[in-house]
Amino acid sequence: MAKRLTKQQLTKAIANTLEAPATQSRRPRNRRRRRSAARQPQSTQAGVSMAPIAQGTMVRLREPSLRTAGGVTVLTHSELSTELSVTNAIVITSELVMPYTMGTWLRGVAANWSKYSLLSVRYTYLPSCPSTTSGSIHMGFQYDMADTLPVSVNQLSNLRGYVSGQVWSGSSGLCYINGTRCLDTANAITTTLDVGQLGKKWYPFKTSTDFTTAVGVNVNIATPLVPARLIIAMLDGSSSTAVSTGRLYVSYTIQLIEPTALALNN
């Protein structure tokens, strides 16, 4: 005849049967958590570039977009702006932010309208040099054409939109040029014109010669002709001979009004 358990013994027996599966079920979950944690990528500090062993970019410019509504033509495109090089001395140059100088294709198109308005302008540097190339690039905007050009990185770094980087870095900015989706641009060397800081909405189409001539008369007369200029400093190279480092591209959206014959646009 089976021994009859007391109420206390029965409760203990039931508890023992429940603990074992619970303990066993926790172990696989713990192992899964450890495996999941091992698969997580290690965090990196944003904005820090490490020299790659080998790196390259295929530049494919997006097709220009042109649309007209209500007498206003809107043009969106990306172009090569200028080639850049570096020496062991600081070299500071500037690019006038206006249709005549932003890109050769835009120059030919915008010359058929009397006035323009900048909706967005972005300059992006893409390297074309080995990762062993020494040098740095610095960029920023000036919004008053009467101001003198900076002569040092310290002065340039105070400009609106200032950005800098090593000449071999910046390839992650390619998405700004070809119009693809940008996933990680922490190391992109790119700067955007603050169109909200411009002196006026509409500017007359002028050439760089027109601007230079006006400056020769009075710099204050020349100021209303150009929205802004991009200041570029190249320095920290290892040789007194200029070494090619990369190219500067410009992406823009611009409004054009008052169409005119090219021969009449002065």
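Placement of Cβ uses the backbone N, Cα and C atoms for every residue, glycine included.
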Disulfide-linked residue for Cys182, taking Swiss-Prot as the record, within Cys129, Cys175: Cys175
Composition by DSSP (helix, strand, coil) of residues within the region 'P domain, projecting' (258-266): 3 helix, 2 strand, 4 coil
Among Cys175, Cys182, the most crowded of the disulfide-bonded residues [Cβ within 10 Å]: Cys175
